[in-house]
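According to TrEMBL:
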- 106-329: domain 'Radical SAM core' (DOMAIN)
- C120, C124, C127: [4Fe-4S] cluster binding site (BINDING)
- K332: N6-(pyridoxal phosphate)lysine (MOD_RES)
Amino acid sequence: MAHIVTLNTPSREDWLSQLADVITSPDELLRLLDLETHENLLAGREAKRLFPLRVPRAFVARMEKGNPDDPLLKQTLTVQDEFVTAPGFSTDPLEEQNSVVPGLLHKYLNRALLLVKGGCAVNCRYCFRRHFPYAENQGNKRNWQVALDYIAAHPELDEIIFSGGDPLMAKDHELDWLITQLEGIPHIKRLRIHSRLPIVIPARITDELAARFERSSLQILLVNHINHANEVDQDFRMAMARLRKAGVTLLNQSVLLRGVNDNARVLANLSNALFDAGVMPYYIHVLDKVQGAAHFMVSDEEARTIMRELLTLVSGYMVPKLAREIGGEPSKTPLDLQLRQS
Ligand SMILES: *Cc1c(COP(=O)(O)O)cnc(C)c1O
């Protein structure tokens, strides 16, 4: 007998209405979580002038009510610490605000990164592009065409990375157009999409999008951006199952964040939750030193200690690579865990 499953989750096509209905008020966010009496949390609300608050309701639904230290809340709530200007923390930590072609960053040999859309569904407080001049890097066909011409003229490129902002802020018909253009460039073999949308609004993985990936002649990879096991829910697992069926390779990158995931057991739980959803851990990044995010910093020494313990807690394939980005280097730089070699 067939089971009739009634889902009270939103339909897959309604990601745009969820996007139009994101929370932008710190007061509303705290009210929804029964935290409106916490004066110290409310006191951070002015930081939205530095970088607006933006959190989808589907993500808030995974936060624990009454918990001021909830790891998902910590990633998204404005706090007073953002006003601190710490030495060494800049507004352009990766020196990427002068790209050759607007919105295209070609820093590494075989792969280039296209800033498809400036906006994002969620504003993570540690975002290294929180000061990025997105207004000058508009995602539209005219700018994309300039980038595509560059890509076509550079045969050393075999992979294009869609980034942002968040590239899945583009509509399905825009992504279809971009993918079609890339499929017409013979040396491009792979398309990689870096996005936080599938986790914050799983309905973004529409049937139309999955079907487009499925019939692409490119190999497609999705690199999710997930920092804590509590972010992974049933809707996300279903979205990943659809993409797996479409032949998409599923990876994850995290950022090591004080008060969120700076603990080997928390990272072990994350790796397990990811693998259960069919997603392989790829990178864990040391925080980029962006102004306003110094309170999230975990020192290199602490990062090494956490990663050495993580090695003992999970299978080898579940351990992400600890890395940092250094402006001007020809690749990401792995951090040596300083394990005994003999
Ligand atoms: C991080 C990054 C990449 C991808 O690097 P991988 O190590 O291949 O994941 C490519 N281009 C730019 C500009 C980047 O910042």
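Even glycines carry a Cβ here, placed using N, Cα and C.
All features noted in TrEMBL, drawn onto the structure.
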| residue | record | DSSP class |
| --- | --- | --- |
| C120 | [4Fe-4S] cluster binding site | coil |
| C127 | [4Fe-4S] cluster binding site | coil |
| K332 | N6-(pyridoxal phosphate)lysine | coil |
With respect to ligand 1, which members of the recorded positions C120, C124, C127, K332 satisfy a Cβ distance under 6 angstroms to one of its atoms? K332
[4Fe-4S] cluster site, defined by C120, C124, C127: further same-chain residues with Cβ within 8 Å of the Cβ centre: V122, N123, R125, Y126, R129, R130, D166, R196
Between K332 (N6-(pyridoxal phosphate)lysine) and C127 ([4Fe-4S] cluster binding site): CA-CA distance (Å): 17
Rounded mean pLDDT for the residues that make up the domain 'Radical SAM core' (106-329): 96
